[in-house]
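Below is one structure, written out as structure tokens; the observations come after it.
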Amino acid sequence: MSASDTEEGLRIALLITTHRSFRDELRMNVNQHTPMASPYGQPQPGYGQPGYAPLDGGYPAPYAPYNGPASAYQPGAPPQGYSPFTSFPSKAVAANPVSDLSSPLDLGPVRGPPVSGPPPVSAAQPYNQYSHSQGEIQNGPPPMTQAPPRPAAAQPYNQGGMNLTGLPHPSYPQHYGPPPSMQQVTNQMTGMQINSGPPTPAGPGYAPPHSSQPPVSTAYSAAPPPTFTQAPPTSSAPTQPPPPSGPAAPQQYYGGPPPPSQQPFNSSLPPTSQPQFTSPAPPPAASQQTFPPSSYSGPVPPTSQAPTPPVSQPHQSFPPTQPPFSSAPPPVSQPSFTPGPPPSTQGPFPPRGPPPSSQPGSYPPPGPPPTSLSSGPYPGQMPPQQPPPSSQPSPYHSGPPPPTAQMPPTSMAQSNHLPPGPQGPPGPLQQPPPQPGMPGGYPPQQNGAFGQVRGPQPGYAGPYPGQPNYGAPAPAPAPAPPAQKRLDPDAIPSPIQVIEDDKAKCTEQFTSGVRGQAPPLVTTNFQVKDQGNASPRFVRCTAYNMPCTADMAKQSQVPLAAIIKPLATLPPDESPPYLVDHGEGGPIRCNRCKAYMCPYMQFIEGGRRFQCGFCSCVTEVPPHYFQHLDHTGKRVDCYDRPELSLGSYEFLATVDYCKNNKLPQPPAFIFLIDVSYNAVKSGMVSIVCQELKTLLDYLPRENPEMDSVVRVGFVTYNKVLHFYNVKSSLAQPQMLVVSDVSDMFVPLLDGFLVNVNESRLVIESLLDQIPEMFADTRETETVFGPVIQAGLEALKAADCAGKLFVFHTSLPIAEAPGKLKNREDKKLIGTDKEKSLFQPQVGFYNTLAKECVAQGCCVDLFLFPNQYVDVATLGVVPVSTGGSVYKYTYFQAQSDKERFLNDLRRDIEKLVGFDAVMRVRTSTGIRATDFFGSFFMSNTTDVELAGLDCDKAISVEFKHDDKLSEETGALMQCAVLYTSCSGQRRLRIHNMAVNCCSQLADLYRNCETDTIINFFAKYAFRGILNNPTKAVRETLINQCAQILACYRKNCASPSSAGQLILPECMKLLPVYLNCVLKSDVLLPGADVSLDDRAYLRQLISCMDVAESHVFFYPRLLPLTKLESGSLPVAVRDSEERLSKGGVYLLETGLHLFLWVGASAQQELLLNIFGTQSFSQIDPSMTSLPELDNPFSQRLREIIDSFRAQRSRYMKLMVVKQEDRTELIFRHFLVEDKSASGGASYVDFLCHMHKEIRQLLS
């Protein structure tokens, strides 16, 4: 978006409104209108300019401009009409209540502050939060009898009264200063943005204030400087003298208005509205204004705003996040989002259902709220409120925002979010001196949207540290007080809040018997009780309420898909699927559609026949399976038979289910080791040989007590292949060399595949000799195609399925089938030809993959490249056969050995099925149309997998081919036929029933965002094989905008176009989608190689939901206090959340980073590293020292537990602040702008809002 647009003060006032019985939506006013200049009188310091300036600079093209009026503060040019320092803007437009919000697209004209006399002071008077002018919480537009009120600036709403923390606040009226007169109050209120409350005492809607006097910002207006909690950032308050004007003075505290987020009051006033405007005085100079980031001591990133001093002190109570004015946008937006769980710091979060209390006003507290002024977190405000009932609309908004919505702040203020404050109660410094009338300390501010208190965030500098805007350079800091330029990050939906709310809500085990019940999130630990539907560990759906018709599905654009992980590992407290043996007759099936017996089959005629739940065909029950029915029509043995009562179980397959009608042989593992110069020199050959001696005792087995029946064989290769005879009767192994690689054959049958225990001595002798034999090799060229052919031929000769473990180092350029050339060409990146780089360069490997699948030969490839090896081509066989690719670029024995050996051990030991075929059957009305993952398909229905392990997930997309009915719902059955590692042929069955709906609102209430993102990522990553990446990104953005626009149009109560309204269960769709769009596959940085992109593309294609979630939105834990038994609450992935004095652990599923702040406490360093000095920490360490203190032990336990949860071993990287490795770490702070040009979360949310408005208009 262009800078100007952005500037429009993007205000996202997020409100959560509940819609009819929808408890769930988030509304944000993103109106981009510029906030009104201060409605109250003069611009407050800091907010001097009305608009919040662009978010850093405007977005460059990718996100085009929003067209709204430019905002007033563009970097560089003073907003029109005002000089930065004057107190009043030259144009006084503000007064009129009319709101621009309605304009469909634009986010709103800039408004100048009203011109007028000093703001009236308001009296304290109770006002109901509801008062917000609108009428009750109606969900519709506010009654129009009167002009919609303009949001009062400050008061956004009293909600202030709410205490977000949940403790009752004492209630004191808070006036600061003489009580306002009723009239004033009224005026003020009028301004409020809030729209939805019941009328206040003041009168039903307040009339809009005259222009002449802007509403006062009530909150503080007249009093002495408030002392709000917010201590001014250090720099600010202290630095500047209070503004001259009286009433205003109070504000001064915050140099300007408190940063939005900080506002202590948050609640009540919108930030912007906050006092800021009130004070007549000119805004302080920029520098002061900005508050240091709140708590952050860290260096401040350069933001566009004026420098903020870092504050380290506790005091800041403000939310760290934004400096007062810095760029953050008014908090406004925040509130709206309220829905999330409290910020992390806080403890438990409120349950998810009702919006967190923090929401602003969501409902008035029982009594009259404290005066309207109260602003904020202060205790005084209102009695604690309960979280609003979910269903009601939040006060905020349910109607269209009042005209003024524009003020962003106001809406934010909404309290929803209180500014985050330091973690604990404010320290001494923290709070400013008590104000009159207020009790001394205020409760800590809440954190962002959610009621939790947030610790100071470290380091962030101003509000958003400088995130550049899309591409545009960040504006230089202006001397004038920076306008707020961006949405307050705390105001927008927080992934952490949602995750924590879900954990708090999930207290008992999840029972799968309820059709259409969405399971807990993948980030929540829960126990599953199978009562007829497959566990979410096996199957997760994008929607648990499917649209009844294809038209409805097309209208919503929500993908209808299931992510199936057929052999998923279950936790120890859940029993694995039962194995059912129906004897020689095999499993009972429907005669017509061949679905397997399951809980959805209906027995009729006394139990003699059953009607299929999928196709309705009636089938005779075989005599041996007959059983009488009880009075409800169920078989009396229903609960004794897994297939009649559970969602997942296995059948023992008969010979009819085997290849060539004969039972399979036990599988074999063949190890093929590259012994070229690079492989030997890097140490890979000796490490593999040494490790295999012990690993052969851990081959997979079903019964831990028995020996594995898997046989093994060994091959080494460079330009030629060396096969080894390790027959148990030999004293020494024998080598047979095959140099004719163009016509591969296996030179020996007997002695190649052997039982480990029988041939152990010969095998160990071979593994000791291989590194010595090739120690002086000078051969640098390798082959690759013939290597796989050799393994395939060996399995064919032994007539068994199996797995090849190939350890390879370089591009296969030697003359042989499958020879490749280096085609890496950076000039093609970003062009229409880029897609060719992801396709295999020769057709040889596709043909070879097909042959491997037919034999049940799965390939796992371990790559150790020092340069381009064409992963896109070498990975074809592993990906098509259900195998895996592991990549260790610039492998160094010392630092990478641990990761490689852990991956190899797990890969060899894990449970795996061979020669598998999967078919998904569905009930009438829908059918499986598309599949994503690592497999091969020779027809449209059968997914063939030479190997299927416990980490592989297959995604299935469904489309309508008829109407569905709400009564019967939709059924799907996934059946996987495979050979177990003991050589048994089995069928694993997973059944899932979901609801069907004829109302879009029901669809949007039962979606799972994490699963939708997993599906979108796979869909996009496959799309780049045939389309330019730019087109793929645009398709994703467009589909996401359509999903949200459909909800807005059909399910949300009418409201202004300036509001962004998100369904509760999809409120994180924008942030997660942005993470997919910014991923290295779709938007690579200059340092990301083509091989890395191809590797990630293949890896994500078979990830389950838990792994894709942490990959796209990494987990960032602050390590200040560690308690045994629980993890610290994560913080959001943004540099602003890092404190220079802290240490953080970041997990991505593939990497672990331990980030150490430059001024981390000595005690912390001593506990973790055994040294008190930051400079003595060795950044090259890959494991932490084992120190004898509880903190060190707990931290190492946490790291081990994270590694145990993932399929790949995560190497630990220590990152010291300001070190060059910090660039790698920052790449994973996905809410910030990325080096490759990816948008920050705030900017992307604004872009999505623009896209949605275009669709709606």
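Glycine residues also receive a Cβ, built from the backbone N, Cα and C atoms like all the rest.
Sequence annotations record features per position, and here TrEMBL assigns compositional bias 'Low complexity' to 39-57 (among others).
Taken from TrEMBL, the feature compositional bias 'Pro residues' applies to 111-121 (among others).
Per TrEMBL, compositional bias 'Polar residues' is recorded for 125-137 (among others).
Look at TrEMBL and you will find 140-151 (among others) tagged as compositional bias 'Pro residues'.
Here TrEMBL flags 182-196 (among others) as compositional bias 'Polar residues'.
Marked as compositional bias 'Low complexity' by TrEMBL: 228-238 (among others).
Among the features that TrEMBL reports, compositional bias 'Low complexity' is placed at 263-279 (among others).
The feature compositional bias 'Low complexity' is assigned by TrEMBL to 286-295 (among others).
What TrEMBL lists as compositional bias 'Pro residues' is 299-312 (among others).
Feature annotation from TrEMBL assigns compositional bias 'Pro residues' to 320-371 (among others).
Residues annotated as compositional bias 'Pro residues' in TrEMBL: 380-406 (among others).
Taken from TrEMBL, the feature compositional bias 'Pro residues' applies to 419-437 (among others).
If you look up TrEMBL, you'll see 455-473 (among others) marked as compositional bias 'Low complexity'.
Here TrEMBL flags 587-625 as domain 'Zinc finger Sec23/Sec24-type'. For the domain 'Zinc finger Sec23/Sec24-type' (587-625), the predicted model reports an average pLDDT of 96.
Taken from TrEMBL, the feature domain 'Sec23/Sec24 trunk' applies to 664-908.
The domain 'Sec23/Sec24 beta-sandwich' annotation in TrEMBL covers 913-996.
Taken through DSSP, the domain 'Sec23/Sec24 helical' (1009-1108) splits into 64 helix, 5 strand, 31 coil. Comparison of 587-625, 1009-1108, 1127-1199 by number of C-beta pairs under 8 angstroms to the domain 'Sec23/Sec24 trunk' (664-908) places 1009-1108 first. Counting residues per DSSP class in helix, strand and coil order gives 0 helix, 54 strand, 30 coil for the domain 'Sec23/Sec24 beta-sandwich' (913-996). Under DSSP, the residues of the domain 'Gelsolin-like' (1127-1199) split into helix, strand and coil as follows: 24 helix, 12 strand, 37 coil.
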